[in-house]
């Protein structure tokens, strides 16, 4: 220790070891006179240092090569730490008397009975120990009077110890408090032994506040003027620390220069390695970018990120695909009608979606994402993917041909037949046919939910009608898997169909099969009104606020109560209470004439192309809108002809079929059961339409810009 410049030495040893240790300190000149600071136990015997007596003792086998005089010089000026034997004389005890009064009464009692006044320092400890056990025993007997009869039983002993650990009172020796520690939290006194006299030079008072969680917290009071330094300078000696590297080692709590040097070298090598690795990544990134440019990256189709082998088995030779007419134009390219040759079927009528040559990688990935999703589906009410052509540009996706196009156009073209009832065509607008169409879509949604997919764009424009007039769900460009979760979280900028979206999707970017059910309710509105535009007269931002305020579409007059109940259940604010798609399938199947036409005039269904905002196409005279802003009445129920509930004649068997909302529509917790307290005000996800320019996209009255990248994680 001397060679390592150790100056402060703490010895927690017994008497015989203390004599041997301090004798060696004397011989090595490591005493207080040479600026060494020794801490020795306070509980050593009063004459423990008397080597002359111990060396000559008949029972002793020890031989300490130091005289008593030399030992006195060796131990002179040493310090000790000990628990305070007494609390302050003015402290109030648990018996409502002061510590000073108790000690005086004890001295009087000792004088009277034993004719002595010397009070042992352990008297206070013994007194407090008896009180501690007695108080715990009293509480134990109150909890279970029979416990005293089984005091040695394991359960009784365990409970007794638990009560002891929670002991907290002011005793004669101070505060009696354990806080789960084996020893009580007490005042510690700093003692110095100088010239055979022990004096208190400091005190550590612990923080016994209940709010304090650190049992070692407290305040040290040190009277340095009372400390006697025996070194030649007669001042506080240095601790022997040698500064390493301008004190950096000590700053980090390392007092071995060699150890600090080793650690510094290791850290330096790690930093150097990290720098070299970062430089390697930068160089590699630049190299990869050059390689991609030399390989004419614009001709690639970006399948490396989508596992290129996943679509290889769907590849169709390009010469087996014939396109003979243009059907339309989408966001990524044109859609053609034609035929494709398959070994098992021969030539089959198909629809071919093409990707514009020169599209960006992101556009290519999004285009192929629909094919990646569709190849997983095999259902009679879902448009079937037949193949792809991805090896060269332009990229094709080949799907089954739907003769009558989208459901919205199909309904609008037959709107006039509702009142004319002309021959065979009248069957296309019958109640049974409308219900069958709704059932077809419900079956598709049930299938998607079973496979844990969310469509996110359920609307009549995305439902297609084939030659047999079977409705199939299509346009899976926004469809996403939920994987092990029961939801899909939208977290980037994009265009989303505001008028068909649920409150939780508008406010949180949260999509579940229940949000598809909300959109399905809007689809039912489109079917019964033969393609009427939802929320006519409102801009996208107005629709956003309207739905988030707890409102929904107004159901036209003439709708059957069962159909009204179904639509309202689809628009339940709490998405957990909406019916499942499978339940809707069962319900509609049991009500084959559930839906019937509800026309209130030739309302607008499209936006004027060159208009910068939603502009409705009106007839010469003003017509009323097909809905009103539905608010709730004072009882919390939507104002409607069926307020107060619909009789359970629909056969659904669930309260979610009719509206009984009793909460405040402005309550964020009711509108967003899985979010923060008021997410709709902190997460303005829908922003102004004019902040984005959308090329070759659906009309802006159907989709609005959505930016979820700025929102916090609410789930």
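Using N, Cα and C of the backbone, Cβ positions are placed for all residues, glycine too.
TrEMBL annotations:
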{"type": "BINDING", "residues": "353", "note": "ATP binding site"}
{"type": "DOMAIN", "residues": "321-594", "note": "domain 'Protein kinase'"}
{"type": "TRANSMEM", "residues": "259-283", "note": "transmembrane segment"}
Cβ neighbour count within 10 Å of residue 353 (ATP binding site): 22
Under DSSP, is residue 353 (ATP binding site) helix, strand or coil? strand
Per-residue pLDDT averaged over the domain 'Protein kinase' (321-594) comes to what? 89
